[in-house]
Structure formats: C-alpha cells, structure tokens
Protein chains: 2
Amino acid sequence: MSNFQEVAEAFVKFYYETFDSNRQNLAPLYAKGSMLTFESQQFSGSASITEKLVALPFQKVAHRISTIDAQPSSPQNATILVLVTGQLLVDEEQNPQMFSQTFHLVPENGSYWVFNDIFRLNYA
Amino acid sequence: MSNFQEVAEAFVKFYYETFDSNRQNLAPLYAKGSMLTFESQQFSGSASITEKLVALPFQKVAHRISTIDAQPSSPQNATILVLVTGQLLVDEEQNPQMFSQTFHLVPENGSYWVFNDIFRLNYA
C-alpha cells in the first residue's frame, strides 16, 4: 500500500467522522485558499465553506464510504487527489443517497488541508 | 462562467466522444506521467492506460454526462480539477450504470493532458 493511499484513507475517515459528529469542527481542515463546490454551489475559504456545511438542512447525517481511491497529484509536491464514493443517510430517512466527492489535499506542518472539494449526489 | 469551467466542459465532451467512438484515440490525452485508477486497478503512462481502456470488454459504449464540476487545482499553475458524474451504457444493456470520474488536467502548448484519472462505477 502506497503512503498516499494510507494518507487518503486516514483523512477520509477523519473527515466523515467529524462531519457526522460536529460539522463545525471541519473548519481547520480548510484554509483561506480552499474551494468547495457543493451541488454546483461554489464557496471559498474555510469560514464560508464551514458556514455552508453547518447550514445544511439536516440534524443527523451518516456517511457510509464505499470506495476511496488516491493518486499523487503533482510531480513536485506531496499533494494528493482522492475520489470517494459512498452513501449518505440524513435524519430519519431509510433510503441512502449515493454521493461522489473529490478532495485535493495539500501537506503542511505534518498534516493535510483541503485545497479542492467537489461534492455531488448521484441520481439514478 | 469562469474559463476553467469552460475548459473542463470542452475537455469532458471531447474525452467521452472519443472514448465512445474510438478509445485508441484517447492516447494523446495522456502522457508519460499520467495515472489511471480504474475500478481500483492502477496504470501509469499513456501506452499502459490506453491499452487498458481499449481492452475493456465491451464493443459499444455510450457515456451520458449528468454533471461537470471544475476548480483550479493550484495557486501557481493553470491546472484544473474536474469531477464528472454520469451514466454508462455498454453493448445491448438497457440499464445504465452510474459512474464518477475525476480528471486532473495540465495545460501544455495550448491544450490540456490528463495527469490524474480516477474512475468508479457507483453501485447502489
């Protein structure tokens, strides 16, 4: 298992655990230059992105991860590209929604922050 | 509409038109440093990637694009990150399969090539 795949899996696990328990705590994973495209809506910067995620209209949410694929995204830097697919359960809904999410991770001070984040629900 | 979104849409349209008509012609869109993760299988370099795509076990294929989201992926370079979601019809199958695909595009000589390519079918 390559290191970038391990980093991606650890990041994704931490990200959704945080998302599903307290979305406000996602703020440190983003920075000033971060971008989020959420169902075609665009946000930039940690504050604006976290505000959007916290304001999503559900009280309970659970992400079930199906796949995590990672690749190094640059010949020069240790940046990592990740594609996640999975299922999303919100509030008392019984039927999960399928989603896809792409993260672009940038290393800094021994950790990683999210430069790019693109989220889409997958409708059949 | 920002330029990176226009580039992404033009690229994605061209990519799937080429894929659906003659997969061999995808070779010039990849380079030596390109990576493909296709349903968790990893390939690198244009020749190896094209060989995999050409060998996929169907004669007819049609991609129907549902969404195309793009973001600039670097503060320094004009690289572009793209998440595509859509449906795939192969051979005489009546039921499309849902897919997600992330491309990381690198500009060179007035065009773009694929540095990262991650493809996943989405199973309900």
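Backbone N, Cα and C define each Cβ position, glycine as well.
Computed from a predicted structure; not experimentally measured.
Copied over from TrEMBL, here are the features:
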- B:7-121: domain 'NTF2' (DOMAIN)
Per-residue pLDDT averaged over the domain 'NTF2' (B:7-121), given as an integer: 96
The domain 'NTF2' (B:7-121) - residue tally per DSSP class, helix then strand then coil: 32 helix, 59 strand, 24 coil
